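As recorded in TrEMBL:
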{"type": "TRANSMEM", "residues": "B:21-43", "note": "transmembrane segment"}
{"type": "TRANSMEM", "residues": "B:284-305", "note": "transmembrane segment"}
{"type": "DOMAIN", "residues": "B:291-405", "note": "domain 'ABC3 transporter permease C-terminal'"}
{"type": "TRANSMEM", "residues": "B:341-360", "note": "transmembrane segment"}
{"type": "TRANSMEM", "residues": "B:380-402", "note": "transmembrane segment"}
{"type": "TRANSMEM", "residues": "B:432-452", "note": "transmembrane segment"}
{"type": "DOMAIN", "residues": "B:531-655", "note": "domain 'MacB-like periplasmic core'"}
{"type": "TRANSMEM", "residues": "B:696-717", "note": "transmembrane segment"}
{"type": "DOMAIN", "residues": "B:701-809", "note": "domain 'ABC3 transporter permease C-terminal'"}
{"type": "TRANSMEM", "residues": "B:750-772", "note": "transmembrane segment"}
{"type": "TRANSMEM", "residues": "B:784-807", "note": "transmembrane segment"}
Amino acid sequence: MKTIVSMRDIHKSYLGQQIETHALRGISLEVKQGEFVAITGPSGCGKSTLLTIMGLLDSATEGSYEIAGIDTRGLKVDQRTTVRNQHIGYVFQSFNLIDSLTVFENVALPLEHRGERKEVVKAAVIEALEKVGMGHRMQYQPNQISGGQQQRVAIARALVGKPDLILVDEPTGNLDTKNGDAVMQLLLELNKQGATIVMVTHDSRYSGLAHRQIQLLDGKVVAEQQVKSQTDKEVA
Amino acid sequence: MSLYLSAAKQGVIRLFTLPRLSLPLIVTLGLTLAAVLTVLAIANTLLLKPLPDIKDEKNIYSVDVTLHISDGIRVPFLSELNRVAHMQQYYSQELGWGHIQVGDSNVEINTRQYNATRLVSASGTPEMLGLDLVLGQSTSSEEAKHGVWISESLWHVAFGQRNNALNSTIEFAGETRPVLGVLADLKSVDLGNDANDGYYQVWLFNDPLEALTQPEALSLGSRGLTFVKGTAELLPTEESLNDWYKDYVEASVTDERPKAFLLGKPLTTQIQPVRDAFMGESRMLVIALLIAMISLLVMACLNLFNMFIAHYQGRNKEFSIQFCMGSPVQRLRRMIFVENLPMFTFATLLGLLAAHWLIRLLPVLAGDNLPLLEHINIDISSILIGGLIVVIINALFSYIALMHVDKHALTESLNSSGKGTPSQQKQSLGRVLMVFQLVLACLLLTVSLISAKQSFDKVYRDLGFDLPNAFEIAMDYKDEQWQQSLDTYEDYVGSELYLLRESLAERLDALGGKVINVANLPLRVNVEISAFEDPDTQETRTMIVAPWAEGFFPEFSIELLAGRDLLPEDKDTNNVVVDRRFAEERLGSKDWQDIVGKPLRMGRDAENVVNVVGVVENVEPAIGAPIDLSLPTLYRFRERTGSRLSMVVIMPDGKTLSEQEVSEVIGDLDARLGNVSVTSIEQRWESMTQTTRLNMYVVLTVAALTLILAVIGVSGLSQMTAAQKRYEMAVRMATGAKQLSLLKLLLKDAGLMLILGLVLGFVVSVFGYQYMASLVEQLPDFTWTVSMMVGLVLALAMLISVAVPSWRTIQSDPMRVLREL
């Protein structure tokens, strides 16, 4: 299977007030097409940092990172943006919808930035929103829908451009159990339809649903667990 | 410690720990407040406070009768005491009358010379005006016409305030007169003498009844001030002044030709409160300045306000907690008010200090444009007004800073993490303020740049001649009677004046330069204007009569356009050279060259005929003259005595002349001449253009300040908008937006407001300017080119002001916001 993510010896450190903090210490991993990978670990272990590097929202201090065969080292800001637009969909913990835009416009953003024609955008957005069950709320403002619905819209935005990789950061962190379960079910369905997903979570109920779990501690991979069959898994 | 005390303490601490907020506020508010306070102090002194010298000003009026000789030339008719005396007889005897003729004169007291203002007045005028008599007898006394009264300032400097001044004599206009009294300085009137503020004054008094017996002198042009005191119902009306004029001319002018001339000219009559007459155009000038300064203050406040909003938005969480702890929003506002008091107090102090210095600089900045300059000061009312302005601004800031933070928003701010959708702030207020600021900036820039352009055009216009290394050498006539006798000759060639000038020219030859035997440089202080009735057309022709001497045209590069220059052989002839304006006025713009060789009648007398031998290019004889001197000019070989004996010398390049050097070569030309002065053409140009140039610099400073404030304001708002939109930009970037498309987004966002502000500003400036110009005569005509230029410059500046901070925000990794979520 095609390798979507290939990370080699990734380091990330922040220089604060004369104190250097090492968030990631030599992480290497690969994600194959169609995989559902869960990254887990305690708070502060570096899982969100790893996801932002994977999503090209940040860059590693050391190490190499290839996404869909593209070496991201030395890419300029706009080149990274292009790669992100064409290959990555990102779902944030706090949804990050723009409240001045409608649900439709929020979801359309990646395609508009790609310069797609209006009719192509419209068809793709409707398809994505239908897929996440939000087709009936297209003209709503983000603040007019619930948290669970906002997260669904955020997922629709992430998958609308048909990216090679969907990165999901604590998708249930800001949701109640019912909404959290529904969002996880949605992600599982998307994965079944072929989406490659990397999800950061500290909730073991949800991490157990992934094909593979990667556990981090103090910026290092301390355990990696392969789940044999995911065919009949459902959110309890 | 109470909450308010704690807030005040925090305010003091923030003065030093938050210089990004405190320093711009103190400096911007302080300096604009200084400008406003300065103009308020000017307005207070000029428009509200009682005049410092004249008592009962409400019942004293100024009377003007002005004769329109030609389009550009208007001369006061009430310049002679006999005319005023006739007017006094014509109207109710219950009215009080006063009259002053103003002139310069040198006086000698105890062998020392003083440049004084001569005030020839109707006896009793100072008493009527309420001018204090410091020493001596009433000006209505029997002996008044034999002596003089001096002003308090002159008394101080010449007599050291000693009472024995009354026993002294002064040398004055070739005669010796006793000092009969000391009067308070006449300060409210601009006497046109810059030396010592015009406060060295010498008064001479004449009895109006005696003046009535004197024949009409038929002279026009010298400056006279006429006052009438009485109740409104007794005062002459402007219509009745017209009737008086006709009555006077009919009764007093016996010769038919001057009578027809005087009765045929249009007349303006005016009676107005004495303060209005003294202040003249200053009133509207002060009001216009006040509006400009208040506009600058408003613009500065808008800028500071944007900064305040940004600061207090950053402290939303703090206010939310206070609110949850039970503090009403009103109390939060009061706490903000108290917290900001130290900053605003410092701004007030800086404003008062800067205003004090600005007022001290006023004589340099305003020149002759404002009267009573020495009486303008920062008094208790200015301090109170300054304090009040700052308190109001602080209260407004405190109110508006939390206006958009309603209770719902406060609690929402607490419930959210402060990130994501709730962190988007409303920007409508900031945008409205930006539009308002642009409109103000457009108006102020239009007014100031049109005024600056007018000053620039005036100062740097083509004068029609070059400025070589030329000097005007002048001497005072010590004997006024001799001076007058020099002007009495049948033929100029061979006259005493001619011989005196020839003798002076010979001596000046020793200086090593080229002597041009004319009295004045082409940039001249005194201009002889002649008006006569054209016998062919019966039109009144007005022209400048300028002296000619060999070398005058070529040395100053005054171009000869047709015919020939005058020659020494023309001395005894009526040959003249005229300028192009003269020729065009006579023969039209097509055939003007045909004037060469034509004899021209210069009046009804047959002997008043001149023969034009050449035409030269027009020259501008003065810059910044109160009347338009772009008149036809006739050059002839004849000099007038003038107020001083003067001559022009052109020295080799780089060579200067000193008074001592000149005095040495002149030697003992005549004992009745003295006080040699040397003025270079550059000095003359500098002094003639000084006020205009200063006005231009002041106006340009206002324009620069306006532009800077607008740029700071818009870039501050853009920075704030971009900062507030960082989250949105980050999301857009995360979903694939490139930097350029983000910049376009921000420009589009601000663009609508910019276009709205600029279009509104343009419209307001076009109509606003024309309205202002109808009120303030000093404002030049509206010019579209300047207005369009203002729009373009402002649009460009605003585009940069939006683009630069937006680009900087885009460059500063907005996605950090997302990583921090």
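Every residue gets a Cβ built from N, Cα and C, even glycine.
Proximity of the transmembrane segment (B:380-402) to the transmembrane segment (B:284-305) is established through 3 or more Cβ-Cβ distances under 8 Å for residue pairs spaced 6 or more apart.
Taken as a whole, the domain 'MacB-like periplasmic core' (B:531-655) shows an average pLDDT of 86 in this prediction. Here the domain 'ABC3 transporter permease C-terminal' (B:291-405) has, by DSSP, the following mix of helix, strand and coil residues: 98 helix, 0 strand, 17 coil. Residues 8, 11-12, 14-15, 21-22, 25-27, 29-38, 41, 376-378, 382-383, 386-387, 390-391, 393-394 of the same chain, all 6+ positions outside the transmembrane segment (B:341-360), place their C-beta atoms under 8 angstroms from a C-beta of that stretch. For the transmembrane segment (B:696-717), the most Cβ-contacting stretch among B:284-305, B:432-452, B:750-772, B:784-807 is B:432-452 (pairs under 8 Å). Counting C-beta pairs under 8 angstroms (sequence separation of 6 or more), the transmembrane segment (B:784-807) fails to reach the transmembrane segment (B:284-305), with fewer than 3 such pairs. Within the same chain, residues 288, 431, 434-443, 445-447, 450, 714, 717-718, 721, 779, 782, 787, 790-791, 794-795, 798-799, 802, 806 sit at least 6 positions outside the transmembrane segment (B:750-772) and bring their C-beta atoms closer than 8 Å to a C-beta of that stretch.
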